[in-house]
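Single-structure report; data block below.
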Amino acid sequence: MKKFTVLTLFPEMFNNFMTTSIIKKALYEKLIAIKIINIRDYSIGKHYQVDDYQYGGGEGMVLMIEPLVAAIKAQQTRDSVTILLTPQGKQYVQEQVQQFAANDNDLILVCGHYEGFDERILYYIDYELSIGDYILTGGELASMVVIDSVTRLCENVINTQSHLNDSFSKNLLDYPVYTKPVEYGGHYVPEVLLSGHHQKIAQWREYEALKKTWLKRPYLLEKKILTTEQQIFLEKIKNEKSFNDRRKEKNSYEDEFNRRNYKRSTS
């Protein structure tokens with residue numbers, strides 16, 4: 001059973017998270033365990049202090065090293081991995097998700113707040129992770145991302161085929177999916193999906209997954225060893241007039257968006 005321990009100043013943020021959807025199911029069936037620890041329980045003095053002004057001056061309060069280390073050491077075991085959630089960390093990607101899910105280590109997730117952590121915390125953790133190049137109020141949402149993504153890959157949580165088809169699992173985005181009605185607003189479900197021909201459907205999905213990846217995340221294909229069939233599909237995709245028009249339109253939109261932002265930032 002995979003165990004997650006979250007160190008946070010705001011335990012109440014996890015109430016809904018733990019009682020909803022896949023996480024609720026995994027907890028109920030004892031496929032995972034989640035323990036929420038309030039860092040203030042390890043605070044200093046009668047005022048439960050966990051932060052202070054930074055040396056050298058500057059805006060914002062800094063989380064103190066003493067309560068953080070005390071909280072971490074109280075939860076660490078020989079089999080645990082301690083993860084600091086910070087925008088300065090390594091980008092969290094699907095390969096890391098798979099690694100965390102595959103090994104037997106329990107995960108301790110340390111959530112920051114305020115201006116950040118006393119830098120000396122780095123001596124007491126194993127990983128620094130970031131879920132993206134943007135700033136959140138604290139690490140709580142990031143810790144939920146880690147728990148959710150790893151839980152999905154834990155044994156018996158969801159159907160194996162479901163997560164194998166997920167975007168990024170094979171360095172491909174997922175193929176388009178449709179449900180009822182067959183027609184809406186003049187837009188139709190592709191005929192091949194209604195044909196009942198399983199081989200043609202599988203080929204269509206492979207083709208469309210490659211197409212979507214090439215348009216939206218082309219760098220993913222650099223990591224992937226393509227089959228002969230996929231190589232043929234990709235060449236066909238690159239030569240599609242309608243597809244190339246869409247790509248030019250997307251690039252034109254992004255160029256205009258960046259141009260406007262640059263103009264706004266320099267005016």
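Including glycine, each Cβ sits where the backbone N, Cα and C put it.
Worth saying up front: this structure is predicted, and the values here are computed from it rather than measured.
Around Ile131 (S-adenosyl-L-methionine binding site), taking its Cβ as the centre, 20 other Cβ atoms fall within 10 Å, counting all chains. The S-adenosyl-L-methionine binding site annotation in Swiss-Prot covers Gly112, Ile131, Gly132, Asp133, Tyr134, Ile135, Leu136.
Among the features that Swiss-Prot reports, compositional bias 'Basic and acidic residues' is placed at 245-259.
Summarising the annotation, Swiss-Prot assigns region 'Disordered' to 245-267.
Just so you know, of the binding-site residues Gly112, Gly132, the Cβ with the fewest other Cβ atoms around it within 10 Å is the one at Gly132. Of all the binding-site residues listed (Asp133, Tyr134, Ile135, Leu136), Leu136 sits in the most crowded Cβ setting, with the most other Cβ atoms within 10 Å.
Residues Gly112, Ile131, Gly132, Asp133, Tyr134, Ile135, Leu136 are recorded as binding S-adenosyl-L-methionine; their most distant pair of Cα atoms lies 16 Å apart.
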